[in-house]
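Undergrad: Relevant sequence annotations retrieved from TrEMBL are reproduced here:
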COMPBIAS  32-44  compositional bias 'Basic and acidic residues'
REGION    1-45  region 'Disordered'
TRANSMEM  55-77  transmembrane segment
TRANSMEM  89-108  transmembrane segment
TRANSMEM  120-140  transmembrane segment
TRANSMEM  210-227  transmembrane segment
TRANSMEM  239-258  transmembrane segment
TRANSMEM  310-329  transmembrane segment
TRANSMEM  341-358  transmembrane segment
TRANSMEM  378-395  transmembrane segment
TRANSMEM  407-428  transmembrane segment
Amino acid sequence: LGKAALEEQQQPPPQPNGGSPAAADWSPPPGPERDGPGLRRSTESEVYDDGTNTFFWRAHTLTVLFILTCALGYVTLLEETPQDTAYNTKRGIVASILVFLCFGVTQAKDGPFSRPHPAYWRFWLCVSVVYELFLIFILFQTVQDGRQFMKYIDPNLGVPLPERDYGGNCLIYDPGNETDPFHNIWDKLDGFVPAHFFGWYLKTLMIRDWWMCMIISVMFEFLEYSLEHQLPNFSECWWDHWIMDVILCNGLGIYCGMKTLSWLSLKTYKWQGLWNIPTYKGKMKRIVFQFTPYSWVKFEWKPASSLRRWLAVCGIIFVFLLAELNTFYLKFVLWMPPEHYLVLLRLVFFVNVGGVAMREIYDFMDDPKFHKKLGQQAWLVAAITATEFLIVVKYDPYTLTLSLPFYITQCWILGIILVLTWTAWRFFIRDITLRYKEIRRQKQEHKYEKDKCLSNGDGHSSILDEQNGNKLRERKL
């Protein structure tokens, strides 16, 4: 942090209205962004904080424990247990999850984010654990039992549902339909269009890099082309792929996301306690800014700087694409309609945990000496993505093993060869070539110095003679 910020952090904040000093109780606000001076990277913004530590930021472990104990005591002593086994089972599972969430929100380790409150991000960390355990349970069931188990969550599930085909008539202007020649376009404008836009807007805030976002966006369209023989809803018109998805929905979302990132990187991060702000307008502005980041770190992935970073970026892109595919394959194998609330909840879940996971991955890549292990949220996201894929493999291996069309296979083989060739050239052949040129340059310089020495006639270099003369003068002195 800057010098002014350090001076503010080293002293307790002044008390308004002549109150008594609180130096003994003062501590910086929670959050890993306040880990101390000298830890701020060049890509991280400076933060000025008056150090106000109000009731909002304090731990409430005893309060939560008291409320939880009272609730359990009420259920035990004052409620009559119903004689419905299925209802009691559901109720017991929900209560167990709630108790675990209460424990995690108050006791789990903080992540890299602290706004709007560290407890919010601890909550989603615990939800990640619960979701991973649920996926493990589904993975260990038979295919029939796993699909029928979804009926316990929603009685309408457990029934095979046909996938909608987005292909068919791909004419932008259909002269055969005199009533509405543009009906094909209007048919594609469903609720998934704004979902695409907001999804890529939020993904841009997670990744914080235009090139990576565009690569993931374009590669997913290629994946839809490649896998449309497995899932019918991957079959879309060409203009639906490239105009509506890549350019309009995804492209506009990425553009708005980059504009937001630019604003966040230029924003001044100066924080005051709510009660230290004199005006009501300032208080309202402070409340709104509570939902913005405490500080900002600009992501510089630099994939071509080293083989380690290149493989890490490729791995991030791979996991992103796999998580995107899991969205479609999971609802296909578990018989969930696209508009079901569980599909939406999964997307909301990944929106909240994805940003934390990306920050932890970037910290692990950018500063491995300080961040010696992968963050807890990033670890869970990777485990969840892998478990979801294993469920898809177990529940419908036939669909996954449908062979790719020959021309699709050729395209992917060509793409993989190009990537491997570039990797070998950039990190092996190019380095060997540069090293050889450097050695050759050093040899030429050595040969030049040797020839210069011989040109003096006595076999000694003028530089050496000058150095010897300097040594003699030093001895005389």
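Counting begins at 1 with the first residue displayed.
The backbone N, Cα and C atoms fix where each Cβ goes, glycine too.
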Undergrad: I need to check the long-range neighbours of the transmembrane segment (310-329): which residues 6 or more away from its ends have a CB within less than 8 Å of a CB in the stretch?
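TA: Residues 203, 212, 215-216, 219-220, 223, 227, 231, 233-234, 301, 303-304, 343, 346-347, 350, 358, 361, 365, 381-382, 385, 388-389, 392, 396, 399, 423, 426-427.
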Undergrad: With pairs 6 or more apart in sequence, are the transmembrane segment (341-358) and the transmembrane segment (120-140) linked by at least 3 Cβ pairs under 8 Å?
TA: yes
Undergrad: Which residues, given as numbers and ranges, are at least 6 beyond the ends of the transmembrane segment (378-395) yet have a Cβ under 8 Å from it?
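TA: Same-chain contacts beyond the ends: 125, 128-129, 131-132, 135-136, 138-139, 143, 146-147, 319, 322-323, 326, 329-330, 333-334, 350, 353-354, 356-358, 360-361, 364.
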Undergrad: Sort out the residues at least 6 away from either end of the transmembrane segment (120-140), same chain, that have Cβ-Cβ distances under 8 Å to it, and list them.
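TA: The answer is 97, 100-101, 103-106, 108, 110-111, 113-114, 146, 149, 334, 349, 352-353, 356, 376-377, 380-381, 383-384, 387-388, 390-391, 394.
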